[in-house]
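Taken straight from TrEMBL:
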COMPBIAS  50-71  compositional bias 'Gly residues'
COMPBIAS  602-615  compositional bias 'Acidic residues'
COMPBIAS  617-629  compositional bias 'Gly residues'
COMPBIAS  773-785  compositional bias 'Gly residues'
COMPBIAS  786-799  compositional bias 'Low complexity'
REGION    1-28  region 'Disordered'
REGION    50-83  region 'Disordered'
REGION    314-339  region 'Disordered'
REGION    400-457  region 'Disordered'
REGION    595-680  region 'Disordered'
REGION    750-866  region 'Disordered'
Amino acid sequence: MTSSLHPSRRELKGGTGHDSLVGSTDADTLVGADGNDTLFGLNGADSLSGGNGDDSLSGGGGTDSLWGGAGQDTLDGGVGSDSLSGEAGNDVLMVNTSTGDTLNGGAGQDTLWVDWRSSTVSRVADFSGITSTVTVAAGGHQVSNLETLVLHGGSATDSVTASANADVLYGYAGHDSFKGGGGADVLDGGLGNDTLIGGDGNDTLLGQSGANKLDGGNGDDVLAWNGSSETLAGGLGDDVLVVDVSATLSSQTYDFSALDPNRSVVIQNGTFSGMERVSLTGGQGADRLFTGTGNDTLRGGAGDDLLNGGKGLNRVEGGAGDDELQTTGGAETLDGGEGTDKVTCNLSTSTDAVNWQFTQNEGVQVGRAVVRNVEVFDIQTGSGDDTLVGSDGSTHHFATGGGDDVVQGGNQADALTGGDGSDDLNGGAGDDTIYGGQGENLDNTPDFDANDGDNTLNGAEGNDELDAGWGLGANLMLGGTGDDTLWAADGTDTLRGGSGHDVLSAWAGDDVLDGGEGQDTLWGGDGQDTLDGGAGLDVLLLDWSGTEVGGELDFSEVAGAANALLDGDEVRNIELLHCLGSEADDWVLGGNGADTLQGAGGDDELEGDAGDDVLEGGQGGDMLLGDGGNDQLHGGEDDDLVWGGSGHDQLAGDAGDDHLFGGSGNDTFESGSGRDTLMGGQGVDQVLYQQSDDEAAHINFSDQAGQSRAEFNGDRLSSIESLHFVGGAMDDNVTGSYWGDVLEGGAGADRLDSHGGSDTLQGGSGNDTLLSGGDGGDWLDGGAGDDQLLSDAGDDTLLGGSGNDDLDGYSGDDLLRGNEGNDQLSGSLGDDQLYGDDGNDVLNGWSDDDQLYGGEGRDVLQGESGSDDLFGGAGDDVLDAGEGNDFLDGGDGDDTLTGGAGSDAFWIGDTVGSDVITDFELGVDLLEVGLRVGDGDKVLENSVTVAAGDSVSATAERITLSTALDALDASTVASALGPVNGSHASGQTAWVLVNDGNDGALYLFTSSTADSVIQADELSLLATFTQTTALNDADWLLT
């Protein structure tokens, strides 16, 4: 029932429903009865009774009497001295700034709701005397049977004392003073500089903004710090300091490690005392959060955070981001959360032995700490005899101190560092790094101290790095499988590379190095070492760099020997030499392998002997001799003499006025910055010139090529046949030799002409012109820009690159590719292959038997004479085969196909679009059909010819309609086809040939449903035949 009183009426009663009763300005009586009713008294001395149900009663103006009745009711007396009685149920009795009300909660757990938010004056109220039985004066009212107080202060300064129950006080604006009672109160100061005192219960104090003073009092309280100059005192009990900056975007640092419950400390503007625990929550940035000795809670939130809970029973959560969680191994819980997280534990000052074995199970133990969702463990132990065993799936950074330690990694890329004592370090599977010395930090950067113990370092599987440190012990280093790097210490060490391509380096001491299987590199160091390369082509590294005394070395008798002495070391099974020269004059002779000889300072003599060697003179006037093999020789600074010897060598003078002699073989010369003499010798030799960016090149090398004496570009050349030119940023004009040149234009609009030989021309960026002469197989690449490419005789390759290019193959069987852009390709003479690729291209095969591929875009393909193959590709293409017996495939798109003279084949396949065949000649040309119909075989069965309106067999695979139609569209064709004898299965197919008296059309019928009717939407037009009305069986070829 919903009703309102007329002003002349005084009483209204509700029914059993949810009623809304509104009084008048007189003294009304409103009775809600059953249901959840809403009663409004308006003005006047009203009497409101809710009855049963959860009712809402508002007295309005006047001296009203409100009875809630049974249920959880809300009573608001409004203005005036009202009487509110909640009666049965958990009720809320509301008062505002008025006074003089009589409030009785009745049975149940009732709440007194005080709302001063509209008040602009200071108010003082003491609710401490409220009980559930005795009527007392509180806040200007007579109050009884109320168990909870909720108060909202006004904009002025309020002073409120809570009851003995669990109350909630909100300060709003003003410098408020709130004091809790005996219950678990919530005191919220709001705006202003507030004073909050908790009382005897377990209270929550929120100062919000302002320079507040918070005192928890007795009980286990929660005090929230706003980050400003607040004073927070926990008082008695187990109190928690809460700092929550989760809404902050920037990185934050909070260090509460100095927090002491027994004294007052100042931390970041706040003054704290009596706080036993901290709950610290970071923001969205990379936060650094630290707490001390309490049982704290740290939450990093988003960002790459650093969290350290100290020594308590902590709960540490990294949250999102790549976090670092620091622990001492105490009884705490660490959860990395999302991201690649790391647990760091530094026990370097501990004397206790550590025996920690990590597992793959959820809840890894780090000491007494339980760790979850952490990918990296960074552990440093102290001086005890420690055991650290990693697990598969995690990455470990283990560093031990003194003591005889046993350390083993998992199957990831671990870093293991031993300390003082005789340690056993085993990396396990994965690409590990193992150090024998003592690591002083935890950031995977070793800082070695002396370690005189006899250590065992085992890389096991993976590509490992093992370093014995600086001690004098006798270390055993085992690389295991993989490509390992082993560094000995100062003692007598044994290094065994195992399988893989290993690097073994001795140091001081008489070391034993065994490369094992694979191509290993061995470096002897200062002592009298034994170096055994083992199986494979191994390298001996000799380093004289920095020394002022020149060295002499003949490696030719040592290379590959089963046992030989060299420079004080015993050398076995080492085939190759890598020598770094001194600052003086060195003499080095290599062996039969591919050696590397580097001269450094001084006037050096380096001879490679046999093999493909690398010789570098460095500083000084050096003499380099490659001898046999295909060598690389660099003279370096000053005036050098460089001789390639036999083989196809690469010679570079570098700085200075150098003399370069190629010897026999096809050699390559690179002129340096001086005035060089280049002599090619036997073979077809080539010189490399690089043009600067600030000057255009104008070069004609054809006159100098192969001459016994010629001047070119400031150098003296003899018997050098070809040119390798690298252009700069300007417009270069370069003509090559009659041999095989390499011409690179670089930036700019270049003109490159290679003359004869098998040449490589690269235009680079810019609108370039590339011309290749002679009958060699040339490679022309226009690069970026609108380029012109013209080849000569020979089987050439022409690539247009990006831009609108013009390519002409001329004679020979050429390959032409337009690449990007709207290109023009001409095959000219020979059996050519032309690819338009992207863009709207024009392809012309001209004479002989060519293959033309349009690619993407609207292309024009012209076969001209010869038996050509034309493929349109994607796009609406035009194919004109010309003379000869040609093959035409339009590809996707609506293409136009003209076979020209000769017996041509037109392809119809599973493509998108329909083609127009302009000159199909019956009995001469052929329609090659790649689509299968009917039963799917290559035999055309049950081919029928019918007139318009005649019935058609459901099993026919080709239907020819003899009647000339008015049009060739699908609707006209479907209307002309008669009923079907039987029923087509869903997906059944057949050919349909129709004509309009002048032209013919070929449709593919595909039944969409099982029925006996051919619909227009079941017909797909494949081709139209101009001036051809019918096809005979001999004109078809099913493939």
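Using the three backbone atoms N, Cα and C, a Cβ is placed for every residue, glycine included.
Automatic prediction, not curation, is the source of TrEMBL annotations.
A Cβ distance under 8 Å defines the sequence-distant neighbours of the compositional bias 'Low complexity' (786-799), meaning residues of its chain 6+ beyond its ends; these are 758, 763, 767-780, 805-817, 819, 821, 830.
Beyond the ends of the region 'Disordered' (314-339), by six or more residues, the same chain brings 282, 286, 291, 295-308, 345-347, 366-375 to within a C-beta distance below 8 angstroms of the stretch. Secondary structure of the region 'Disordered' (595-680) per DSSP (helix as H, G, I; strand as E, B; remaining residues coil): 0 helix, 30 strand, 56 coil. Residue counts for the region 'Disordered' (750-866) under DSSP, split into helix (H, G, I), strand (E, B) and coil, are 0 helix, 39 strand, 78 coil. In terms of DSSP helix, strand and coil, the region 'Disordered' (50-83) has 0 helix, 10 strand, 24 coil. For the region 'Disordered' (314-339), the DSSP-based tally of helix, strand and coil residues reads 0 helix, 10 strand, 16 coil.
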